[in-house]
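Annotated features, as they stand in TrEMBL:
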| type | residues | note |
| --- | --- | --- |
| SITE | 15 | site 'Transition state stabilizer' |
| SITE | 22 | site 'Transition state stabilizer' |
| SITE | 151 | site 'Positions MEP for the nucleophilic attack' |
| SITE | 205 | site 'Positions MEP for the nucleophilic attack' |
Ligand SMILES: Nc1ccn([C@@H]2O[C@H](COP(=O)(O)OP(=O)(O)OP(=O)(O)O)[C@@H](O)[C@H]2O)c(=O)n1
Ligand SMILES: C[C@](O)(CO)[C@H](O)COP(=O)(O)O
């Protein structure tokens, strides 16, 4: 089974702010996106790593690569207007791989156990979507206020989301819709069923400066 991982890091990090987009900021002395790439390389040194970057920051990545000298090489692809388009661009770099993971470049804390769980489920069922429970009570807004939702009926969705090649390629041949915030949604809109699997609470998506504070703490205790 040949594997590929598309690491989407083509965003501009508006909610985080800073001199460079969050995927290039340092945690534990290393750029966030390098943590994500390294996790997939550690899982399988043979995996085809595809890195989607903002066109205007490809040269920054080249400088970081020279500075940090990762043990692996990556195929670099320019991103698109929305995350969906960045994934679509990443898919153009797929060659003969059978199973493809799509992962947010700003989720640095994934380990080989979790990545393996995702590839294994996708190999068996065609799709694998990691989710975690909500520990908070949940409310939905309605026209005259809000009402509670049954907490056990909702899940928080993470990446890597992993697919057989034919599933993800067919799903991404659709036209873009606003509701396409993750691959699971795109695949379901194309008629595929998705398999939910157990995610990991430490698999934080770095979105705001508060997340960066948490990421610094996790990084100081992370073993890699
Ligand atoms: N056009 C885009 C938008 C997002 N992403 C990537 O998708 C992941 C999740 O997106 P998000 O956290 O929303 O990142 P940004 O779009 O950069 O953040 P913001 O919305 O605050 O600008 C990130 O790794 C981001 O780089 C991407 O590859 N291409
Ligand atoms: C793909 C994702 O990380 C799953 O939780 C999330 O949907 C990305 O959302 P964003 O608005 O692009 O950060």
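Glycine is no exception: its Cβ is also placed from the backbone N, Cα and C atoms.
Structural mapping of features recorded in TrEMBL.
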{"residue": "15", "record": "site 'Transition state stabilizer'", "Cβ contacts under 8 Å, 6 or more apart": "207, 208"}
{"residue": "22", "record": "site 'Transition state stabilizer'", "Cβ contacts under 8 Å, 6 or more apart": "13, 16, 32, 106, 206, 207, 212"}
{"residue": "151", "record": "site 'Positions MEP for the nucleophilic attack'", "Cβ contacts under 8 Å, 6 or more apart": "133, 134, 136, 137, 138"}
{"residue": "205", "record": "site 'Positions MEP for the nucleophilic attack'", "Cβ contacts under 8 Å, 6 or more apart": "104, 106, 107, 158, 211"}
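Contact annotation for recorded sites (15, 22, 151, 205) versus ligand 2: 205, each with CB under 6 Å from a ligand atom. Look at residue 22 (site 'Transition state stabilizer'): DSSP puts it in a helix.
Residue 205 (site 'Positions MEP for the nucleophilic attack') falls within neither a helix nor a strand when secondary structure is assigned with DSSP, and so counts as coil.
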